[in-house]
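Novice: Found this in Swiss-Prot, in case it helps:
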type	residues	note
TRANSMEM	27-47	transmembrane segment
TRANSMEM	97-117	transmembrane segment
TRANSMEM	128-148	transmembrane segment
TRANSMEM	176-196	transmembrane segment
TRANSMEM	204-224	transmembrane segment
TRANSMEM	266-286	transmembrane segment
TRANSMEM	308-328	transmembrane segment
TRANSMEM	347-367	transmembrane segment
Amino acid sequence: MNSGLDLEYSFNEILKGFGLSSELAHIIWLPLPMLLVLVSAVVGVLVTVWLERKISAAAQQRIGPEYAGALGVLQPIADGLKLLVKEDIIPAKADSILFTAGPILVLVPVILSWLIVPFGQNLLISNVGIGIFLWIALSSIQPIGLLMSGYASNNKYSLLGGLRAAAQSISYEIPLALSVLAIVLMTNSLSTIDIVNQQSGAGILSWNIWRQPVGFIIFWICALAECERLPFDLPEAEEELVAGYQTEYAGMKFALFYLGSYINLILSALLVSILYLGGWGFPIPVEIIAKALNLPIDAPVIQVFTASIGIIMTVLKAYLLVFVAILLRWTTPRVRIDQLLDLGWKFLLPISLANLLVTAGLKLAFPQFFGG
């Protein structure tokens, strides 16, 4: 389903109908995809926090927030305002420079990773040819910020939390990259746009989840571990480490960790949607929709419809995965640190490597199904 370039053309044609030049119409169009991504990130965090509170309450037979707005929808905003007015404390013997730089180094790579997240054929900030490689590189920076925060706090619990975060990230980054490499091998491209386009043509049957079920499971497990969600929240296990690397943080510095965690969760869900669930692709091919409405496939109405549906489908698939992640957090026990590392090194790493080799063999044997 092509939901970007034709939408831009239709938008420009509408503006030119009001007497604007094509250059001015193009300039007006340029910030819209960026605005969509920024708004999606901010609204996504607010919605996810509200869902987290409501789903956790349901899992524990509680009501959850209900007084701050209808059904408690304003509770995330109240949480943000509370953190905003809290005192920003730096421990007396902490390294103030590293202590301040740590949360920034955690949040910035996650936000930059949104550069390569497409909501449509042209609805992304930057269609770089190495989008997947860029995301893996950026995600490798975050553990440095976590370790820096733990070390700079001059607190034994914070240091242990930072060390755990670094060990956990290294353990799960490799199988995650190998599972993504299998997708890249089938697509012959590192571009997220190309990966989604490769899954179009036959609706839901074209999705990579059917050709890469093992890779999908490995990627999702590793993504949860990278987000430090239960059962993989060892770096901030409250029963053992108080709050891990966050122990000495308060106010807006703590809010940066909080914000980065939820943005990373949404980003991971969006990437699973893009890599394995067809991205903005609708389960029904656009040709069938156009034929049912007795309209040509390049009609402006069809293009606007498919673009709108594409955005909705991308967000819907992502939030289905967010729901699963939240449910797992509140219904599963935490694993031990040795179990966490064993799962990454002894199971996920060899399985992801075998999956990559099998994918290469299937591509040679059946190029029409696994990319030629």
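Note that Cβ sites are derived from N, Cα and C of the backbone, with glycine treated the same way.
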Novice: With a Cβ cut-off under 8 Å, give me the same-chain residues at least six positions beyond the ends of the transmembrane segment (204-224) that come close to it.
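Specialist: Contacts with the transmembrane segment (204-224): 172-173, 175-176, 178-180, 182-183, 186, 195, 198, 232, 268-269, 271-272, 275-278, 281, 283, 321, 325, 328, 343-344, 348, 351-352, 355, 359, 369-370.
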Novice: Do any residues, 6 or more residues outside the transmembrane segment (308-328), come within under 8 Å Cβ-to-Cβ of it, and if so which ones?
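Specialist: Answer is 1, 3, 36, 40, 47-48, 51-52, 55-56, 59, 118-120, 123, 220, 224, 227, 229-231, 265-266, 268-270, 272-274, 277-282.
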Novice: Against which stretches of its own chain does the transmembrane segment (347-367) lie, if we need a Cβ under 8 Å and a gap of at least six residues from its ends?
Specialist: 172, 174-176, 178-179, 181-182, 185-186, 212, 214-215, 218, 221-222
Novice: Apart from its near flanks, which chain residues at least 6 from the ends of the transmembrane segment (176-196) lie with a Cβ under 8 angstroms of it?
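Specialist: Distant contacts of the transmembrane segment (176-196): 116-118, 121, 124, 127-133, 136, 208, 211-212, 215-216, 218-219, 222-223, 226, 274-276, 278-281, 349, 352-353, 355-356, 359-360, 363, 370-371.
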